[in-house]
């Protein structure tokens with residue numbers, strides 16, 4: 001027994017994560033632990049790993065990245081898609097500003113027309129002050145109206161889709177909620193007409 005201990009190689013006992021111990025193991029001469037075995041690489045992988053990065057004769061200075069000049073419409077180093085998205089965002093923002101300016105000018109016209117009817121003999125300077133003060137609430141009111149109109153149109157579209165599904169036979173027995181939705185159609189149309197006339 002003594003001789004086998006001296007001739008063999010041993011892996012020392014180790015502790016597991018849960019605190020228990022692994023036994024000491026005897027292994028043959030030349031044993032390599034699994035985690036130290038090199039990964040097999042076929043001849044193609046070896047060839048591409050040994051291949052130089054640059055073609056023969058090309059100096060590394062020639063391939064040094066040139067500092068990019070800023071493109072005409074965007075940030076440096078952006079892809080075509082990113083540049084296109086930036087342009088779209090900018091265009092949307094400009095259209096939104098243009099729409100807000102138009103809505104503001106319309107509300108200014110309404111306010112100034114309404115005040116001239118009320119105060120025909122008032123001087124020009126006194127009329128300008130209330131107009132500037134009432135810009136913000138009017139623009140907020142018009143955006144609220146626009147949201148309500150959009151919401152009402154969406155509800156009407158849903159009602160029409162439901163009606164078409166019932167007529168096509170997709171829904172044979174409409175539920176109580178669906179019937180209520182159909183019954184509200186006329187009221188939604190009237191409310192939408194009132195809001196559109198109010199703009």
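Placed from the backbone N, Cα and C atoms, the Cβ positions cover glycine too.
Over in TrEMBL, the protein carries these features:
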type	residues	note
COMPBIAS	1-17	compositional bias 'Polar residues'
COMPBIAS	81-92	compositional bias 'Basic residues'
COMPBIAS	93-109	compositional bias 'Basic and acidic residues'
COMPBIAS	117-136	compositional bias 'Low complexity'
DOMAIN	7-33	domain 'WIBG Mago-binding'
REGION	1-26	region 'Disordered'
REGION	50-149	region 'Disordered'
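DSSP states for the compositional bias 'Basic residues' (81-92), grouped as helix (H, G, I), strand (E, B) and coil, give 12 helix, 0 strand, 0 coil. In the predicted structure, the domain 'WIBG Mago-binding' (7-33) carries a mean pLDDT of 87. Here the domain 'WIBG Mago-binding' (7-33) is broken down by DSSP into helix, strand and coil counts: 1 helix, 8 strand, 18 coil. Assigned with DSSP, the residues of the compositional bias 'Basic and acidic residues' (93-109) fall into helix, strand and coil as follows: 17 helix, 0 strand, 0 coil.
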